[in-house]
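This report refers to the structure that appears directly beneath it.
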Amino acid sequence: MYSFMGGGLFCAWVGTILLVVATATDHWMQYRLSGAFAHQGLWRYCLGTKCYLQTESIAYWNATRAFMILSSLCATSGIIMGIVAFAQQPTFTRLSRPFSAGIMFFASTFFVLLALAIYTGVTVSFLGRRFGDWRFSWSYILGWVALLMTFFAGIFYMCAYRMHECRRLSTPR
């Protein structure tokens, strides 16, 4: 059980760090604008070496930002629950700590999937036509890696929960 929780905690730490970095950085998309290199993130866009805040309130940016922040918060609370799961005495007999941590990591995975799906859909259908020479960049890719890490953290914690439940049910009362 503890090896699964340890693996889950490792994946969770890596996934949460990647979520925060992906959300905060400005390299979701790279393109050429009037022959100059440009890139944009969720909060700023940069032309050459000069960066500007994205002041427009565009729905897909707001949705992507909100879901990335929700994903980071779920992953952080999952880490806290995952650390507490190492404690021996459960405070609630009906609520398993590894199960709760696993659910939080799956919620984080769901939110980052929503954020990346929205961003991908709008970028490919609208911005891809606007900018001829463009590509997704490393911040966007970190978001997908974070999705995998939070998903595997949830899997590890669910495996730890199942092992604990099987042991609990097999011991005589």
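Heads up, the Cβ atoms here are built off N, Cα and C, so glycines get one too.
Worth saying up front: this structure is predicted, and the values here are computed from it rather than measured.
The phosphothreonine annotation in Swiss-Prot covers T171 and rests on experimental evidence.
Taking a C-beta cut-off of under 8 angstroms and a sequence separation of 6 or more, N62 (site 'Not glycosylated') has no same-chain neighbours. Annotated site 'Not glycosylated' per Swiss-Prot: N62 (among others), in sequence order, evidence recorded as experimental evidence.
DSSP classifies W134 (site 'Not glycosylated') as strand under the three-state reduction. Residue density at W134 (site 'Not glycosylated'): 20 other Cβ atoms are found within 10 A of its Cβ, drawing on all protein chains shown. Residues or ranges marked as site 'Not glycosylated' in Swiss-Prot: W134 (among others).
The topological domain 'Extracellular' feature in Swiss-Prot is assigned to 25-66 (among others); the stated evidence is sequence analysis. When Cβ-Cβ distances below 8 Å are used as the criterion, the topological domain 'Extracellular' (25-66) is approached by residues 114-116, 118-119, 121-123, 127, 131-140, 142 of the same chain, each at least six residues removed from its ends.
Annotated topological domain 'Extracellular' per Swiss-Prot: 120-140 (among others), in sequence order. Within the model, the topological domain 'Extracellular' (120-140) shows a mean pLDDT value of 84, rounded to a whole number.
Within the chain carrying the transmembrane segment (4-24), a Cβ under 8 angstroms from the stretch's Cβ atoms is held by residues 41-43, 65, 68-69, 71-72, 75-76, 78-79, 82-83, 85-86, 98, 101-102, 105, 108, 112, 139-140, 142-143, 145-150, 152-157, 159-160, 163, all 6 or more beyond its ends. For 4-24 (among others), the entry in Swiss-Prot reads transmembrane segment.
Per Swiss-Prot, transmembrane segment is recorded for 67-87 (among others).
Residues or ranges marked as transmembrane segment by Swiss-Prot on the basis of sequence analysis: 99-119 (among others).
Through the fold, the transmembrane segment (141-161) approaches residues 1-2, 4-5, 7-9, 11-12, 14-16, 18-19, 21-23, 25, 68, 71, 75, 78, 82, 85, 96, 98-99, 101-106, 108-109, 112-113, 115-116 of its own chain, all at least 6 residues removed from its boundaries and within a Cβ separation under 8 Å. According to Swiss-Prot, the transmembrane segment annotation covers 141-161 (among others), on the basis of sequence analysis.
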Grouping DSSP H, G, I as helix and E, B as strand, the residues of the topological domain 'Extracellular' (25-66) number 8 helix, 18 strand, 16 coil
Other same-chain positions with a Cβ less than 8 Å from the transmembrane segment (67-87) and lying at least 6 residues past its termini are 2, 5, 8-9, 12-13, 15-16, 19-20, 22-23, 42, 97-98, 100-102, 104-105, 107-109, 111-112, 114-115, 118, 143, 146, 150, 153-154, 157, 160
